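Peer 1: This is the structure, below, for whatever I ask next.
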Amino acid sequence: MAAPNFSRRQDHAKLWHRIQQLGQCTKFPVSLIRNFSIIAHIDHGKSTLADRLLELTGTIQKGKGQPQYLDKLQVERERGITVKAQTATMFYDLKNEDDGSSEQYLLNLIDTPGHVDFSYEVSRSLAACQGVLLVVDATQGIQAQTVANFYLAFEANLTIIPVINKIDQATADPERVKAQLKTMFDLEPEDALLTSAKTGQGLSEVLPAVIKRIPPPTGRCHLPLRMLILDSYFDEYRGVICNGAVVDGSIKKGDRIASVATGQTYDVLDTGILHPELTSTGMLQTGQVGYLIAGLKATQEARVGDTMHHANVSVEALPGFKPAKHMVFAGIYPADGSDFEALAQAMERLTCNDASVSATKETSAALGIGFRCGFLGLLHMDVFHQRLEQEFGAQVIATAPTVPYIFEFQDGSCSKLNVQNPALLPSQPAQKIVSAMEPVVVATIITPSEHVGALITLCSDRRGEQLEFSYIDSQRALLKYRLPLREVVVDFYSVLKSITSGYASFDYDDDGYQEADLVKVDVLLNGQAVDALSTIVHQAKSVRTGREIVDKLKKVLDRQMFEVTIQAAVGSKVIARESISALRKNVLAKCYGGDVTRKRKLLDKQKEGKKRMKRFGSVDIPQEAFHDLLKQ
């Protein structure tokens, strides 16, 4: 007789226990619910810590599945960064040390991105939480985005639990990090948890600390339903799926609900928790975070920050979120003009999932019809571009990134023009420009002390103004500069990393506008302006910028049957020029001798023909050339 399969019985027992948990998850009182986020600088171990917590609570099986389980996008796996905040519901039994009894808690964990370009995801996640785990790398200490995320949580009045991660590393120095937490944030050293998400050391203390230190949600069960929409995405089979937090009341399958923003009503087709995949429970109660499927067909109906409530019941809308502040703009066009409709559908669905992107239609003489998009930064733009290609198969061309400017004209009323696309600014305006304003940011740089001199030089070269310079400890310094945003979005981050061998961290916040001497640089091919290559720069850097564009364009353009003149101009003044010589036939091949006047006559005839071709011919810039140029 075969031996009994105990492992299979254990698996069935675990599965039956899980089913019982899910059946009971709608009956958790608010006092047994905790909602918390994990926030940190990029690469400090947030996603690995989230994996260990999911394994600790039995939400996922240890050793099975992919590392960084909550990083589900292909772009996240390829780049090794978190782009989208992800939610997971866990069940945890907390033992009472006095009598040995245990009580089960429902914990909603939100893993957040760490890069400054995705801070909007972090701020949205914090709206559903009452506390955060502030993770700091024991080897690197406090970094720039650690500071930014701390103040996001502090301003939201959330409980902050410091977690010092990677204590198993040979270069870890937890005591130094504790001193930094006290100096920078006034967090008590004894409150910090020492962990290693890689080895599991110290993880048993994390969830008990979450339950004991973070308060339960403040909503009330007896009030009418108010559900805050945190995120949404489009599913081919189920339509728009919304993730949200139930602030007051409860929602169940079959309810008739309405949107405060649009006024439209829907029937709840399904609702449940993310455990960590979509797991139907049929009901969500006060304090719980989960998903909602209500037959929304159009992505415009699922507005992030909207309040859902029961139909025919009036409620006060929840505060929602501040609109995203777009720092970088770029045009996105289909590589093939006939693919515009497919691109428009892809843009609609992707902007549903990424609410921080703005998109408006625009037309370019060189690239055809496309979209002018606003992003939170260069990495955000790059990731959005990559997601369009990977998730929707869209082949697109992205124009060079630019920042929004404000120009004031002297036309009697001193009208102002907001310029997000340089092509819309007249090269020789009818009215005189009274003033030009460019966006500025306050940049925070944390660096090893030996690189301070090089970074001060870098910031000065980028027209920066020093605001603060201090030492965090004997090894690290903090610099604050006011910098023009355009100087930041070009290549500032890569140069900073190169100077400091990758050890410096960088973060920035919007600081309004400042007056500057700005000019528009036009690119002309045989005297015809190419609107897609226009740019706005500071007067002092116009010649260098024009020279760089002209040199790049010469490399990517094909030779024609006539000479092609490439020029960069500010107004009517040409500041840089290159020529691409014409392809020409060897008309002297048949001349084996004879008088030189015969050869000269043939050359002059060819020369006249080239002049005539240049007069009537036009230079067609292929899409591949644009793609190569804008990638450089």
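Residue numbers in this text run from 1 along the chain shown.
Cβ atoms are placed via backbone N, Cα and C, with glycine included.
Since the structure is predicted, the reported quantities are computational estimates derived from the model, not experimental observations.
So TrEMBL lists these for the protein:
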BINDING   40-47, 111-115, 165-168  GTP binding site
DOMAIN    31-218  domain 'Tr-type G'
Peer 1: For the binding-site residues ASP43, THR112, HIS115, ILE167, which Cβ has the most other Cβ atoms within 10 Å, all shown protein chains included?
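Peer 2: Ranked by Cβ atoms within 10 Å, first place goes to THR112.
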Peer 1: Restricting attention to the domain 'Tr-type G' (31-218), give the mean pLDDT.
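Peer 2: Mean per-residue confidence for the domain 'Tr-type G' (31-218): 87 out of 100.
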Peer 1: Please list, in sequence order, the residues in the chain of LYS46 (GTP binding site) that are at least six apart in sequence and whose C-beta is under 8 Å away from its C-beta.
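Peer 2: Those within reach of LYS46 (GTP binding site), by Cβ under 8 Å and sequence separation of 6 or more, are ILE38, ILE39, ALA40, THR82, ASP111, THR112, GLY114, VAL135.
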